[in-house]
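A.B. asks: Take a look at what Swiss-Prot says about it:
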{"type": "BINDING", "residues": "C144, C147, C164, C167", "note": "Zn(2+) binding site"}
Amino acid sequence: MKTTAQTAPARSALQDASDTQLAIELIGLGARPQVVEAEVTLSRSRVYRLYRELTGGSPPKGMLPFSADWFVTWRPNAHASYLLSVHEYMQQRAGLPGIRAVLNSYRVYAEHMKANNEECLISFTRFWTLVRFCEGGLLQLSTCPCCGGRFVTHAHEPLASFICTLCQPPSRVRRSVRRETPHATANAPAAVLGNRPPVAMPGFGMVPAL
C-alpha cells in the first residue's frame, strides 16, 4: 500500500515578514534572543542569525533575569514604577496590545533617559520580565497612602504597611541627599510624587506625568 508523507502547512509570507520586523524591533531595543523567541514564531536559528547580523556579536549567555525582588529595591523601583505606569497607559488609553505596548513603553523610557544624558537602569529584557511578573500575579502597582503615587510592589502586599521608597527612602539615601542639592527632582511628576515635596533621586531623570 502506497503512503504519502504529510507536508507541513506553508508559512504565510506576510506573517513571516511581520515576525521578522518585530524581531528586528525587539533586538534593536536590546532584547535577548530568548525574549524574541517568546514573541515571534521564527525558528531559533533564524532569531540568532538576526541577532548576530543586527548587533555584530553573539548574544550573552545565561538565564534571563528572574528576581522579582530586584524591582522593589530603591532605584530600580522608581524606574520600574514609571515604566509600568507608561505600559498601563499604552494599554488602557492608547489601546496597544501585548508586545506593542511593551515596545512603545520602553521607547518612551529610553528616549527620556537619553534626553537627560542618563543610562537606562532597566534593560528591555528586564522590563519584559517585569511585565510577565505582573501578568503572573507576582508584582503589581500599589498606591502609596502618604503621597498617592503608584509604585511597583509585591502582589497582595498589605497596603497599610506599604510606604513608597520616595516617602521613606533608605537611610543611606537620606544621608546622600543631605550632601547634594535637590535639583534632580525639581520637575518631579505628579503621577509619581503626588502632592508632597520631591525627594532627590540620583541617577533618575524625572519625567512629565502622562
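Backbone N, Cα and C atoms are what each Cβ position is placed from, and that goes for glycine too.
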A.B. asks: On a count of neighbouring CB atoms within 10 A, which of the binding-site residues C144, C147, C164, C167 is highest?
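C.D. replies: Highest number of other Cβ atoms within 10 Å: C164.
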A.B. asks: Under a three-state reduction of DSSP output, how is C164 (Zn(2+) binding site) classified: helix, strand, or coil?
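C.D. replies: Once the DSSP labels are grouped into three classes, C164 (Zn(2+) binding site) ends up as coil.
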